[in-house]
């Protein structure tokens, strides 16, 4: 026998007596359990992505503050104002400052807390903290927990849907803010070169 030969199957004596300790038949896990695990994994991934998006936006807001501080410091020390620029230079200057203002607005919208658009009603599973709050106010928390326990996939898919919507919106605002930030950072020095 070599290392590449297949391992032979164990031999059993055939005495005609049944195996006293047979292995239980393997039953596949129900599809809802597998789907619930998949939803939980995707939900964890989305929550991680949302945390990353918030961190990116915070870093970009800090970079925006540094950029604005550097431009303000350099120009304030020279008693400079945009009125000294030519018409084209002033237009580029104000376009750059508008781009930086839009960048700040976009990045703040990226970190703005978002909530689920729908409202919880009796019979629906709980999927986020707003649902729990509504169930408590209605005096139906125990029933809502039972509904969620009876059909966990429904609650997970609702949470997954809303969380993916939140992540998508955050990334849209970060993308817009980053483009505006880069545009403003290029336009402000360009306006000074135009004069």
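The chain as shown is numbered from 1 upward.
Quick reminder: no glycine exception, Cβ is built from N, Cα and C everywhere.
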TrEMBL record, transmembrane segment, of the ranges 91-112, 113-134, 135-156 the matching one is 91-112
Ranges in play 1-33, 34-66, with TrEMBL marking region 'Disordered' at 1-33
Other same-chain positions with a Cβ less than 8 Å from the transmembrane segment (57-76) and lying at least 6 residues past its termini are 100, 103-104, 107-108, 110-111, 170, 173-174, 177-178, 181, 184-185, 188
Spatial neighbours of the transmembrane segment (91-112) not adjacent in sequence (6+ beyond its ends, CB under 8 Å) are 53-54, 56-58, 60-61, 64, 67-68, 82, 85, 170, 173-174, 176-178, 180-181, 183-188, 190-192, 194
Taking every residue in the domain 'Pycsar effector protein' (40-194), the average pLDDT works out to 85
